Amino acid sequence: ELLLCRHGQTEWNVLGRLQGQLDTELDMTGRQQAGALASALASRLLHAPLATAVYSSDLSRVSETAAICVRACCSEGGGMPPIRLDARLRERKLGLFEGLTVMEAKSKYPIEWKRFISGQKVDGVEDDEQI
């Protein structure tokens, strides 16, 4: 069985900023969300086999979410393996759009934005084939 979990909220999520591979941290709400996820996972693991591996992106928002979950599962009596950080699990690299809102990206890079949303290649932005 494979469980996939998304990281908790960051300030940039609230502001509508495109994070891509920039390393932004969880905000207080994101930490609460990670705690709620951790509780749900800990409850599930009481009735299921232990996890054999925990993988996480090396970005702070993701690795902190994973750490909160692992700590909660361990405190519920389950033994959890160490978190394996892997840069290949990062979000899509958004290049010149990273740090901008969608409106800013459209305004600052209108040609590149149209190419991006239509699925065409944009220099410095990972396309579907690279992911």
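Counting starts with 1 at the first residue shown.
Glycine is treated like the rest: Cβ placed from N, Cα and C.
The active site, tele-phosphohistidine intermediate annotation in TrEMBL covers HIS7. Note on HIS7 (active site, tele-phosphohistidine intermediate): other Cβ atoms within 10 Å of its Cβ, all shown chains, come to 24.
Long-range C-beta contacts of GLU91 (active site, proton donor/acceptor), restricted to its own chain and to partners at least six residues apart, with a cutoff below 8 Å, comprise GLN19, GLY20, GLN21, SER57, LEU59. Taken from TrEMBL, the feature active site, proton donor/acceptor applies to GLU91.
The substrate binding site annotation in TrEMBL covers ARG6, HIS7, GLY8, GLN9, THR10, GLU11, TRP12, ASN13, ARG61. Take the CB of ARG61 (substrate binding site) and look out to 10 A: across all protein chains shown you find 24 other CB atoms.
Annotation for the binding-site residues ARG6, THR10: lowest Cβ count within 10 Å of the residue's own Cβ, ARG6. Using a 10 Å radius centred on the Cβ of GLY8 (substrate binding site) and all shown protein chains, the other Cβ atoms total 24.
Among the record's substrate binders, ARG6, HIS7, GLY8, GLN9, THR10, GLU11, TRP12, ASN13, ARG61, no two C-alpha atoms are more than 15 Å apart, and one pair sits at exactly that spread.
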